[in-house]
Amino acid sequence: MPVGVLALQGSFNEHIAALRRIGVKGVEIRKAEQLDNVSSLIIPGGESTTMAKLAELHNLFPALREFVKMGKPVWGTCAGLIFLANKATGQKEGGQELVGGLDCTVHRNFFGSQIQSFEAEVPVPDLAAKEGGPPSFRAVFIRAPAVLEVGPDVEVLASISIRSTEIVDPSQEAQPDTKVIVAVKQGNLLATAFHPELTIDSRWHSYFVKMSVGNNEIVASSSSSSSYEDQESFLYNKQPKTDLPVYE
Ligand SMILES: NC(=O)CC[C@H](N)C(=O)O
């Protein structure tokens, strides 16, 4: 079965292109019944309030919650992390509906607004040990959330050190060198505050695909032409930069 990518809003094209680069077919999910035909699901980054409104409009929440409850692998990136969290803070007035399932609290815009977006090299030793390659990953944080608290079943895959001056939200009282959680795993749920689909490093996608393999056979991407083939231009780091801070 192919990997589903929730395609209401945000970087779903980029996820499908990233899956394609590792030879896996990704399909757009816009209707509840389409979830029956996929082994696993990626909820992309974008704008979680907008995505939630669209999901509500299409009556997707019950099916998404059922998908999570069935134990099928789901990976939320950025806004997708917010979707999966049991609790979110920093929401717009009136809040927003969440899929939930991931036992954590996230802050929606922990690192500030669009202009506080940044890139960093983030060490993720467990994932590098499984997937090979260098120990750290290029991480693109766009108006990124962060995980404030995790439950006992949640494994922290990556955190970054930040100074309090880097936190824009005055309600956050981070002390110098606070560790902020930016990637977690809980059973079949994976969540990252950043956007691996915007980098050329496909190890996060292959890691997620391997989580799905236990459940169902993954369909290989066909070699025929696809509208996703030419989307390499989305990638931020075709040319590796050397001047990035390393967060450890
Ligand atoms: N790049 C992103 O997905 C940003 C998410 C954004 N902070 C939100 O609330 O939805």
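Cβ coordinates are placed from backbone N, Cα and C, and glycine is handled just like the others.
Heads up, TrEMBL stuff is auto-annotated, nobody curated it.
The L-glutamine binding site annotation in TrEMBL covers Gly46, Glu47, Ser48, Arg108, Ile142, Arg143. Ile142 (L-glutamine binding site) falls within neither a helix nor a strand when secondary structure is assigned with DSSP, and so counts as coil.
A coil conformation is recorded for Cys78 (active site, nucleophile) in the three-state DSSP classification, outside any helix or strand. In the structure as shown, the Cβ atom of Cys78 (active site, nucleophile) sits within 10 Å of 29 other Cβ atoms. Taken from TrEMBL, the feature active site, nucleophile applies to Cys78.
Secondary structure from DSSP puts His195 (active site, charge relay system) in coil. Summarising the annotation, TrEMBL assigns active site, charge relay system to His195 (among others).
Residues or ranges marked as active site, charge relay system in TrEMBL: Glu197 (among others). Around the Cβ of Glu197 (active site, charge relay system), the number of neighbouring Cβ atoms within 10 Å comes to 28.
The region 'Disordered' annotation in TrEMBL covers 224-248.
Annotation for Arg108 (L-glutamine binding site): same-chain Cβ neighbours under 8 Å, separated by at least 6 residues, are Ser48, Ile82, Ala88, Thr89, Gly90, Gln91, Pro145.
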